[in-house]
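Annotated features, as they stand in Swiss-Prot:
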REGION    1-206  region 'DHBP synthase'
BINDING   27, 28, 32, 139, 140, 141, 142, 143, 163  D-ribulose 5-phosphate binding site
BINDING   28, 142  Mg(2+) 2 binding site
BINDING   28  Mg(2+) 1 binding site
SITE      125  site 'Essential for catalytic activity'
SITE      163  site 'Essential for catalytic activity'
REGION    207-339  region 'GTP cyclohydrolase II-like'
């Protein structure tokens, strides 16, 4: 079974149909049953609970999350993929909030222009999720993918999503998802196709400055980029970048932490390697989590695309965990190692 185009997926959502969205094989490799919150019905919610069997959530853009005063569930997110769960909610007029009827009642509030935060009680039985502002170009998750797709369809930035679980309780994978879609006459879309679609029409980065520079004693060309959050990221290029495949991503954290660990000497080794063999090191501004290896390199991937890089050899020893969904950005990961 083939994935449908983004254009077809948009038409399906506009018609109020349900879809299955699949993320990357190197991420969760799972599928979510989705539909726009504004087209929610008791029947759809019941189908989701009965057939998909996962946790019913509502993916929201930041604007709606702020409107409904939904704080994150925990101040420090230590989950594998850093999904931005907020506190749970129920409709104020619900009783237990568990039934498909009352969950639908809760979901419809998210799509109501006149609704307000006080229309919810907390905690509840619907799990709101906050999508990153940059969508799939910032984070390659179901949360961002579903909100992006709703917005591309001209709908509100609120989408009902639920993981698809098999009869035996295991998570449904690609082959299982194809069977599920055929059984229920549903189309399936890939997050990677959505990334590719958005990249053809927009970008989250802008080149602010370009100059000759020196990094750790080695001559390099310096590029300063700003993203959609006005955060700056810096790339240092060695030799002819278009002919190079060697890439290093570095999350800029505490200078003190770097200088007092063995990471500093390793970083210097990598910079020396790049200066001798050619390549690029991208310093990404952001908080580096010590509790999870998962990072979202959407911005970094766009910087590489700016340089025309398509095939990369990453200077890293943990590609299986750290670099998720790069293929959606048109990047072919050829190798990943640095001893």
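Cβ atoms are placed via backbone N, Cα and C, with glycine included.
Residue 140 (D-ribulose 5-phosphate binding site) sits 26 Å from residue 125 (site 'Essential for catalytic activity'), taking the Cα positions as reference.
The separation of residue 125 (site 'Essential for catalytic activity') from residue 163 (D-ribulose 5-phosphate binding site), Cα to Cα, is 16 Å. Cβ neighbour density within 10 Å is lowest for 125 among the recorded positions 125, 142. In this structure, 163 is the one among the binding-site residues 32, 163 with the smallest number of other Cβ atoms inside 10 Å of its Cβ. Using a 10 Å Cβ-Cβ cutoff, residue 140 (D-ribulose 5-phosphate binding site) registers 29 neighbours. Classification of residue 125 (site 'Essential for catalytic activity') by DSSP places it within a strand. Separation of the C-alpha atoms of residue 142 (D-ribulose 5-phosphate binding site) and residue 125 (site 'Essential for catalytic activity'): 20 Å, rounded to the nearest whole number.
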